[in-house]
Amino acid sequence: MRPELALVPGEPAGIGPELCVRLVQQPREDCRLLAFADPDTLRAAAAALNLPLQLLPEDAEARVPGDLRVRAVPNAVPSHFGHADPANAGAVIGALLGAGQACLSGELHGVVTGPVHKAVINEGGIAYSGTTELLADQAGVKVVMMLANHIVRVALATTHLPLRDVADAITAPGLEHTLRTVHAALRREFGLAAPRIAVLGLNPHAGEDGHLGREELDLVIPLLQRLRAEGMDLVGPLPADTAFLPAKLAGFDTVLAMYHDQGLPVLKYSGFEQAVNLTLGLPYPRVAVDHGTALDLAGRGIADPSSLQAATTLCAQLARQRTLSA
């Protein structure tokens, strides 16, 4: 199976469009890409890079370097690299929702997304907290954020919260949903028959038997015991300061961190260029780059396409595996 994937560049004034141009310089055998984007922005990116780009109709086939099928989502005003315009917020959101709807309808099999500038979207009058939340709301599901590179996968029990709010946000129902979502995704999309998940403690030393916090004793341990009784292979709660040692990581398929900066610094240190962001729990695979819009680099031809390349390759793999698991 050769999955059909939506490719969404993200912020038109950032590096997303030029990364898409670089991506299609090698024809892909693992998937067919359909860009949801402003055609003029893609052409400008190709010109800035001095690379070939042939925008094709949706029913065409990409055969040579630079071929890219496009479903046009025009900007409201012309975009200029390095200068994000809130007037184009509607086009950015429209491209994301269009890609999501194409997957929900069964037309496409997955979505690969470039970086979006949250502040610019909100300045454009659209309440927006992130693409993860946008696509989850569209699909009517609760999702889990996972980041991954070639060394480790890290799922998050909470995402973008102030540290003072994290403990209150971790509840037994919420943590159970997260673990079930991660477990199901590892089976369905990664093809792991019996995934092993390491669960980090919230507190230093995983609470030190209640002396450094009781969340582990009162909430995490009882939940893990109950889910283990159902057959889930869960290890923990583990002290976060030693859980990422290579010898320990080798025994886990995924690590569940309780908050953003507990799990992600190690992942990004171990391979930021190859890191990608996955949304687990959607009816289709969505994989995003793990970097921002980099307005200061846009149009200069120096942005690294590694994360977008990794995201596209992984999304194609997940889409194929999901079909096999159906």
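Backbone N, Cα and C atoms are what each Cβ position is placed from, and that goes for glycine too.
Together with His160, His205, Swiss-Prot lists one candidate of His83, His109, His260 for binding divalent metal cation, that being His260. Taking the C-alpha atom of His205 (divalent metal cation binding site) as reference, the shortest distance to any of the binding-site residues Thr132, Lys268, Asn277 belongs to Lys268. Counting in whole angstrom, Thr132 (substrate binding site) lies 11 from His160 (divalent metal cation binding site) by their C-alpha atoms. With the fewest other Cβ atoms inside 10 Å of its Cβ, the least crowded of the binding-site residues His160, Lys268, Arg286 in this structure is His160.
Classification of His160 (divalent metal cation binding site) by DSSP places it in coil, neither helical nor stranded.
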